[in-house]
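Enquirer: Annotations per TrEMBL:
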| type | residues | note |
| --- | --- | --- |
| REGION | 1-20 | region 'Disordered' |
| TRANSMEM | 30-50 | transmembrane segment |
| TRANSMEM | 62-82 | transmembrane segment |
| TRANSMEM | 103-119 | transmembrane segment |
| TRANSMEM | 139-158 | transmembrane segment |
| TRANSMEM | 252-272 | transmembrane segment |
| TRANSMEM | 292-313 | transmembrane segment |
| TRANSMEM | 333-353 | transmembrane segment |
| TRANSMEM | 373-395 | transmembrane segment |
| TRANSMEM | 499-518 | transmembrane segment |
| TRANSMEM | 530-550 | transmembrane segment |
Amino acid sequence: MSEELPTGPKESPPAPRAAPREVWKKGGRLLSVLLAVNVLLLAGTFVSGGAFNKVAVYDTDVFALLTTMMLLAVLWILFYLLRTVRCPDTDAVPYRDAHAGPIWLRGGLVLFGICTLVMDVFKTGYYSSSFECQSAIKILYPLTQAVFVIVQTYFLCISAKDCVHSHLDLTRCGLMFTLTTNLAIWMAAVVDESVHQAHSLSSPHGNTSHTRLALELERAGSPVGEDCSCNTAICQIFQQGYFYLYPFNIEYSLFASTMLYVMWKNVGRLLASSTRGHSHTPSLLSLFRETFFAGPILGLMLFVVGLAVFIIYEVQVSGERGRTQQALVMYYIFNIVCLGLMTLVSLSGSVIYRFDRRAMDHRKNPTRSLDMALLVGAALGQYAISYYSIVAAVAGTPRELLAGLSLAHALLMIAQHTFQNVFIIESLHRVPPGAEPHGTPPKEPCHGLTFASLDTLHTLPACPPTPRLVGPSPAGPQGAVSITLAPRGHWRYRCLKDISLFLLLCNIILWIMPAFGARPHFSNTVEVDFYGYSLWAAIVNICLPFGIFYRMHAASSLLEVYMLS
């Protein structure tokens, strides 16, 4: 023991000076973040400026910027695949993060990517049908986006788990630029969809500013303002088709952004060679084997009823005023029942965890940290809409039926988001059943390393052992014992699986409704009369995309919770 004491002080001081290949991780991250912020602000300026007629930024300018960004991102991805990772002379990827890019996330990315490719086909057909009065960049943009989606999907499917240790600064900047490109495409899609919704809703309200905003949808993209009418049947099919596919394009961009962010966090990350993630991917036949079937059946029933309600709502809301009133009442009643059940189920899941003796997983996990941040951050959009609705319903005409339903819907929306977030975040921090280590846990590198060089790892002093749970038994040969877990088929785990599947199906139907055009915020005149159409439209168009993203991200997180249970 006395011979080992001088070793620490003698080896640790020269560590920062002895290794010439050290790379300051925070400095490289700062450079890439500054690049991303500037590019994102530039793209946001173009996208927002191109949404209004009085701003001399045309949609052709927006398409040109996005096309350039996508081409640069494709070039960097090809460089990464051919030079950085596949180079046989360097060990560019010594580690792979087992928690990053799970199979369901990559599967969702592929699904949304295919739908985005179909959307690009429809968009190319729409612009090609009026080629005489359209700019060439409008046809080049969807073709470039198709190439970008194919290359990026392949890149993320094979490289999402990489912990790169070669070309660190270039890799960080490339990942951040690609992430910014996806966010810029997301902003453009959200603005285009909002303009489309504004155009379809401008007639009932007769708002001049709203109609002015809607005219942007039909602009030719040139200063002359040529009229490109879509009169043929095939042109109208292409136009309606690509607008209905916008939700998939929006979700694809956000899925890709989350995976790119995790890759960016893993650049230069040191992992123990024995570190392995939990295998949570069961076979297809065992998906429902360990459940009570109550959750999947009830969730499937609500899913089918929700689809029927959504179809009836879309058909009746465009009709006469009386039918619109009935459609809104039916829509709100279904959402109130669904949100109430989801709130109770989320609460029951949190109560079950009070009796669960599984250990908490406190290891560093960028994927889990990002999931938590996105769940909490995306919920803020729906929180904002709900609080605006509460004020309008209480201070406006609370005795009306629609005002009361809107108030109940807003209150339950806040409660459901809160308790579901608590349940998901607590579930993601639980060690899966049977994965609790019974022996000595694998060694992990020291936390809080400033330098990411492999050359200095051997010069660092030994890390202090991780605190372990000591058993209360006074007798026994083992000084540190693991928690005794219930069998995997225990009723608590079956209940948690049912809860996860029920919430998963409910979140999917609550994503489908607003993503494919349900806008009770405008059909219900409580908020419109209280705030005015311009202010209320701005609130909804800014906050609702975050609420839509929350539903899909919550669904993917609940699928992971189901696997962990």
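Each Cβ is built from the backbone N, Cα and C atoms, and glycine gets one as well.
Predicted automatically and left uncurated, TrEMBL annotations should be read as such.
In the displayed structure, how are the listed features positioned relative to their neighbours?
Expert: Panel annotation: around the transmembrane segment (103-119), residues 142, 145-146, 149-150, 153, 156-157, 160, 241-242, 245-246, 248-249, 251-252, 255-256, 258-259, 281, 556, 559-560, 563 of the same chain, lying at least six beyond its termini, place a Cβ under 8 Å from a Cβ of the stretch.
Counting residues 6+ beyond its ends, the transmembrane segment (139-158) has Cβ neighbours under 8 Å at 63, 66-67, 70-71, 73-74, 77-78, 80-81, 101, 106, 109-110, 113, 116-117, 119-121, 123-124, 127-128, 131, 178, 181-182, 185, 252, 256, 259-260 in the same chain.
Distant neighbours of the transmembrane segment (292-313): 327-328, 330-331, 334, 338, 341, 345, 494-495, 497-506, 508-510, 512-513, 516, 518, 520; these residues of the same chain sit at least 6 beyond its ends, with a Cβ under 8 Å from one of its Cβ atoms.
Same-chain residues lying 6+ beyond the ends of the transmembrane segment (373-395) with a Cβ under 8 Å from its Cβ atoms: 258, 403-404, 406-407, 409-411, 413-414, 417-418, 421, 424-425, 521, 526-527, 530-531, 536, 539-540, 542-547, 549-550, 553-554, 557.
Long-range contacts of the transmembrane segment (530-550) within the same chain: residues 190, 194, 197-198, 205, 207, 209-210, 247, 250-251, 254, 374-375, 377-382, 384-385, 388, 391-392, 395-396, 417, 511, 514-515, 519, 521-522, each at least 6 residues beyond the stretch ends and with a Cβ under 8 Å from a Cβ of the stretch.
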Enquirer: Using Cβ atoms and a strict cutoff of less than 8 Å, what residues sit near the transmembrane segment (333-353) while being 6 or more residues removed from its termini?
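Expert: Counting only partners 6 or more residues beyond its ends, the transmembrane segment (333-353) has Cβ contacts under 8 Å with 295, 298, 302, 305-306, 309, 405, 408-409, 412-413, 415-416, 419-420, 422-423, 426-427, 430, 492, 495-496, 499, 502-503, 506, 509-510.
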Enquirer: What parts of the chain pack near the transmembrane segment (499-518), using Cβ distances under 8 Å and only residues at least 6 beyond its ends?
Expert: 197, 244, 247, 250-251, 288, 291, 294-296, 298-300, 302-303, 306-307, 310, 313-314, 331, 335, 338, 341-342, 345-346, 348-349, 352, 420, 423, 427, 544, 547-548, 551-552, 554-555, 558-559, 561-562, 565
Enquirer: What residues in the same chain, six or more past the boundaries of the transmembrane segment (252-272), come closer than 8 Å to it by Cβ-Cβ distance?
Expert: 23, 25, 28-29, 32, 95, 97, 100-101, 105, 108-109, 112-113, 115-116, 149, 152-153, 156, 159-160, 162-165, 168, 171-172, 175-176, 178-179, 182-183, 185-186, 189, 366-367, 370, 374, 442-445, 449, 452, 454, 457, 549, 552-553
